[in-house]
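Undergrad: Here it is, the structure, as structure tokens.
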Amino acid sequence: MHNESPIKRRKSTRIYVGNVPIGDGAPIAVQSMTNTRTTDVEATVRQIQSLERVGVDIVRVSVPTMDAAEAFKLIKQRVNVPLVADIHFDYRIAMKVAEYGVDCLRINPGNIGSEERIRQVVDSARHHNIPIRIGVNGGSLEKDIQEKYGEPTPEALVESAMRHVDILDRLNFDQFKVSVKASDVFLAVGSYRLLAQKIDQPLHLGITEAGGARSGSVKSAIGLGMLLAEGIGDTLRISLAADPVEEVKVGFDILKSLRIRSRGINFIACPTCSRQEFDVIGTVNALEQRLEDIITPMDVSIIGCVVNGPGEAEVSTLGVAGAKTKSGFYEDGVRKKERFDNDNIIDQLEAKIRAKAAMLDEITV
């Protein structure tokens, strides 16, 4: 029930990663990356399928060897989501996975090699109608750029990116997106801002090596939030030293918070105090776990007392405002006669949410 996002997105060109449109106003795609051994086909397929279940749009898979390329071929046949092959050092691996149906090639300008090698990769990508991501990383810049700037700077990252953008331009290849990632928030943000002024291609956002689940989520939310609020970004990945499933959840939460893209329930819940009339924290935790399968966008407010409860409920799809023994229930901003028993509030609210989701899904069909 909240208003649409006020963010005006940067105009960019359109490419496709598999069947997923990127850029030119398409929904910002949420990406993750497997952390299994790619040669372990079963483990990698299982992880990709777990990412599919939480709504991932694109999955990147590291392909460090020719053996991994052979495994990638088998993996691609068993999953539905578009796959990006992450290529470093050996350009021949990129050409091999292109034959095997990869949906996008990620190459690192800092280690992929000479312009002639890039030309061969581009020729292969063109032949197989595959886009490329130029993936610059502050930790692996070309040696001459490192020597020129002394340390990673926005100008250094963007110079690395533009060097390879120019190569693709000379080769008349425009099916690409670019990333300029860094582990430092301000370095990454500055790099993306500078790059956004120079090219029209889609930008893939990320704070690389952000950290564990908590610290990495915070870093990513700050850095990507700054850029997204300025309209910069067409795809994103939250890089966490954690289960990749968490990357997808955090990515969607960031987009929901900025009202850029909604998937599933946006829970609005108070931090609780002595005024709470039911167990708010337990209720929210239980519902988040129970309702992970709901992809229908909706706002659900769960407030433990009548101070802010009614006000939040009035601007939510569904809402509960705590009261003695039985709490008030709101739907589409209107208070209902029905009240929830505080001792059974989780089950009652789950039933209401599922029913509302089903109704909204019917309306949008």
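A Cβ is built for glycine as well, from the same backbone N, Cα and C atoms used for every other residue.
Pulled from Swiss-Prot, these are the listed features:
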type	residues	note
BINDING	C270, C273, C305, E312	[4Fe-4S] cluster binding site
Undergrad: Which one, from the binding-site residues C270, C273, C305, has the smallest tally of other C-beta atoms lying within 10 Å of its C-beta?
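TA: The binding-site residues C270, C273, C305 were compared, and C273 has the fewest Cβ atoms within 10 Å.
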Undergrad: Give me the long-range Cβ neighbours of E312 ([4Fe-4S] cluster binding site): same chain, 6+ apart, Cβ under 8 Å, in sequence order.
TA: I268, S301, I303, G319, A321
Undergrad: Taking 8 Å from the centroid of the Cβ atoms of C270, C273, C305, E312 as the cut-off, which other residues in that chain fall inside it around the [4Fe-4S] cluster site?
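TA: Same chain, not in C270, C273, C305, E312, Cβ within 8 Å: P271, T272, R275, Q276, V280, I303, G304, V307, N308, G309, G322.
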Undergrad: If H, G and I count as helix, E and B as strand, and all else as coil, what does DSSP give for E312 ([4Fe-4S] cluster binding site)?
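TA: Where E312 ([4Fe-4S] cluster binding site) sits, the three-state DSSP reduction gives helix.
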